[in-house]
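Summarising the annotation, Swiss-Prot assigns topological domain 'Periplasmic' to 1-32, 99-102, 169-182, 235-260, 326-361, 424-427, 485-493. Annotated topological domain 'Cytoplasmic' per Swiss-Prot: 56-75, 126-145, 206-211, 284-302, 385-403, 451-461, 517-549, in sequence order. As annotated by Swiss-Prot, transmembrane segment applies to 33-55, 76-98, 103-125, 146-168, 183-205, 212-234, 303-325, 362-384, 404-423, 428-450, 462-484, 494-516 (among others).
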């Protein structure tokens, strides 16, 4: 059982360690002109793509889903680009650099949620939905209440994730490029706005694809050079790393980072089910033509991400060997210059010189841009499509809906920049964990049960969904991170760091209880409509494909 809990603790990197890769203290570096030039090349190229995409965005379908004309392979790359963050690249390699084998367990944890998406969600989601996951959740339930709940769940997740990314972006750019924090945050905000405002999903998709290719190429080159150094022998790699690491052979033993099994289980469940409830990831399944391409998307994305996280393990051990043992990368106190999160960046310099260092720094920045662009589009679609067009202004024209979407992009952008500046010196690592917990406690139960449970009713979905969302937020506030570290109280009311285990349970129990006890005529009608929904979800009959999507 202990080993199972240890494996489930794989969620830790994203919600804590990896998030902390770009939220902890940073030491500003000298201006890196190679990195700045390479980043400018990336920006000019992607802005060119945005201009090209803007000429092809003529309808609501084009803006939200790129007309449904993205292939499974392209979408798989874009999903990988949307999901592989700078935090995972720098944070996981730093975790391997400091803790060895535990980093592998943690890096593989990023993949745990994807089989659920592949086998349970991707096909039915594409067959039932159109632009957002709320289309699926409200297929046979009452449109208004369900869309409001889904939009609120999406916006809270997007806001928390976006703040974490913006603060992380500012600190990472300060770290890598030597630019001022506030300039960095504004720069990310402006570029994010331009990609989404003018190019919609088509530009966002290609930015994510390019970023994924660059990141995979950079990580592959680093791993290749590390393995070349040890004669392509993993035995030599591990032997040399153990010889120079302060912990010695202990870096090859698991379990050093897992203390509390309840927190480990809670965090593991948060990542597993949270991944399947992230709105910017779910939105990507509507960019392909049919369910077959949706399945292929997940298959390719999982392959790309699995390959990448294995590379981070090699990069981390390479950093132990080539960076940790090299005094040139240490300060006077013997600590790594810029902190442990610079391990992968220093390794880039060690294996490829200053030019490759510039390339990796630029890729890290590109990584952030790709993630925030996807988040912004997901947030804008929740407001314009779910709330405006289907709740507050039913019958709105496509033009009106797109106008609201673009206004929302501007508002989200300004809010993200302001909050990025305000949260500069705050601990933002908990925000990513809370985003996953809310996605797992609100979005995921409603999506899953709306597609699979015939007895679900609007009353059950509403009460259970809101209970899950509020439980996650309240328990997070009462937990050690916010109640003690941020608010300064002596002892936490809720003893565990992450609430997913409890909030997911509350959500599922609430949905089950309030649906099972719903004997209204409306509830019975919704149950009767499940068969028609089931046939549509299995066959795709009635789904519009391609540009008319």
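Cβ coordinates come from backbone N, Cα and C, glycine included.
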Number of helical, extended and coil residues in the topological domain 'Cytoplasmic' (56-75), per DSSP: 13 helix, 0 strand, 7 coil
Within-chain partners of the transmembrane segment (404-423) [C-beta distance under 8 Å, separation at least 6 from its ends]: 63-64, 158-159, 162-163, 166-167, 169-170, 182, 185-186, 188-190, 192-193, 196-197, 372, 376-377, 379-381, 383-385, 388-389, 396
Annotated stretches the transmembrane segment (303-325) and the transmembrane segment (76-98) touching (3 or more Cβ pairs under 8 Å): yes
Contact between the transmembrane segment (494-516) and the transmembrane segment (428-450) (at least 3 Cβ pairs under 8 Å, separation 6+): yes
Tally of DSSP helical, extended and coil residues in the topological domain 'Periplasmic' (99-102): 2 helix, 0 strand, 2 coil
Model confidence over the topological domain 'Cytoplasmic' (284-302), averaged pLDDT: 92
Segment-segment contact (the transmembrane segment (33-55); the transmembrane segment (362-384)) at 3 or more Cβ pairs under 8 Å: yes
Tertiary contacts of the transmembrane segment (462-484), as residues 6+ beyond its ends and Cβ separation under 8 Å: 145-146, 149, 152-153, 156, 427, 429-430, 433-434, 437-438, 440-442, 445-446, 490-500, 502-504, 506-515
Positions on the same chain near the transmembrane segment (428-450), where near means CB under 8 A and six or more residues out: 11, 14-16, 19-20, 23-24, 87, 120-121, 125, 133, 136-137, 139-141, 146, 149-150, 153-154, 156-157, 160-161, 163-164, 167-168, 267, 269-279, 282, 456, 461, 464-466, 468-469, 471-473, 476, 481-482, 497-500, 503-504, 506-508, 511
Dominant neighbour of the transmembrane segment (146-168) in 76-98, 212-234, 362-384, by Cβ pairs under 8 Å: 362-384
DSSP residue counts for the topological domain 'Cytoplasmic' (126-145), split into helix, strand and coil: 11 helix, 0 strand, 9 coil
